[in-house]
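Worksheet for the structure shown next.
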Amino acid sequence: MRKIYNFSAGPAVLPEEVLEQAREEMLDWHGSGMSVMEMSHRGKEFMSIADETESALRELAGIPDHYKVLFLQGGASSQFAMVPMNLLGKKGKADYVNTGQWSAKAISEAKNYGSVQIAASSESDGFNSVPPLAQWHISPDAAYVHYASNETIGGVEFQWTPDLSAVAGDNKNIPLVADMSSNFLSRPFDVSKFGLIYAGAQKNVGPAGLVVVIVREDLLDIPPLAGTPAMFRYKTHADNASMYNTPPTYAIYIMGLVMEWLKKQGGLTAIEQRNIAKAKLIYDLIDVSSFYHCPVNQADRSRMNVPFTLSDPGLDDAFLKQAQAHGLIQLKGHRSVGGMRASIYNAMPLEGVQTLVTFMREFEKNHA
């Protein structure tokens, strides 16, 4: 058993059971005599790994048959460009919801390919909330609406799925696109409500190097923008079962192990309850304390990333140093906001959060 609890925002902690299985299979996967790292991506051994990973994901998330699952490279940041390149089509315009730094990065990239309207924003309150759906303004001619379901830096999370039919007027069938990189598979979600979902793997489902895309098949018929390279066309990868080029094979293998681990935990409903309990422990401590502070609106607080500050920033270094001595690492907040951040993704055990909360109480007692 490892002696530390890793609260990194990503790449993040993986289930210990998964790492142990990967270690056992490192030199010889299922009697093949090969490591997964050495396998041909078109060989029967790896093809079975890829198929089983996709099947497990479809089962866990309830992905309908008319959606394609793509295993791609380039991380979620590549999707900031691929989404507009593939979905803008002749409309040339898209709506984006701005709830923080990752939303802003997606918006900035999309502007290279077409017109972007900000459908809603929480900038006025410092990105400490989620804009209510009633405040969204959907363009009648937008090709899609994009939002980030969880902002890892600001600790803001959508606790609901936007129902665009309620606010889109005549454009009620507009596709909803979601960057789910940091809360993917942390709770049940209805895939049929989305046109496209993308998620970098390195927070909740695997190691860095893999991005998962779930796309409704009809959207693959939209002609990509002129000059879009084959590698940046969703249809290229859908038509070739994510094997157009060599995919990130080992990352897909680890993701498959994580899918099986999630199933053993009871699936997404069970993991959601665990995530709620973990987040509640930290937020409850913060809310009764005058020593710790979280600026995020309570209804919009992230279950995955808990940002907090100390009443005296001069104690930050001492907090981090003493936390590390207690086996609690990677708690430093993002450089753009400072303070602390505890990322408590699916694989973070309840015991890790309990240990953190105990340390926070002790630190407050000694320094308040």
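We count from 1, first residue shown onward.
Positions of Cβ are set from backbone N, Cα and C atoms, glycine also.
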Swiss-Prot has Ala76, Ser77, Trp102, Asp179, Gln202, Asn245, Thr246 binding pyridoxal 5'-phosphate. Which one of Thr53, Thr152, Thr269, Thr309 is in the same site? Thr152
Lowest local Cβ density among Gln202, Thr246, which the record lists as binding-site residues, within 10 Å: Thr246
Around the Cβ of Ala76 (pyridoxal 5'-phosphate binding site), other Cβ atoms found within 10 Å total 24
Taking the Cβ of each of the recorded positions and counting other Cβ atoms inside 10 Å, which one has the highest number: Arg42, Lys203? Lys203
Greatest inter-residue Cα distance in Å for the pyridoxal 5'-phosphate-binding set Ala76, Ser77, Trp102, Thr152, Asp179, Gln202, Asn245, Thr246: 31
Between the binding-site residues Ser77, Thr152, Asn245, whose Cβ has more other Cβ atoms within 10 Å than any of the rest? Thr152
Are there residues of the same chain, six or more positions away from Asp179 (pyridoxal 5'-phosphate binding site), whose CB falls under 8 angstroms from its CB, and which are they? Ala76, Gln79, Trp102, Ser103, Ala106, His146, Tyr147, Ala148, Ser149, Tyr198, Ala199
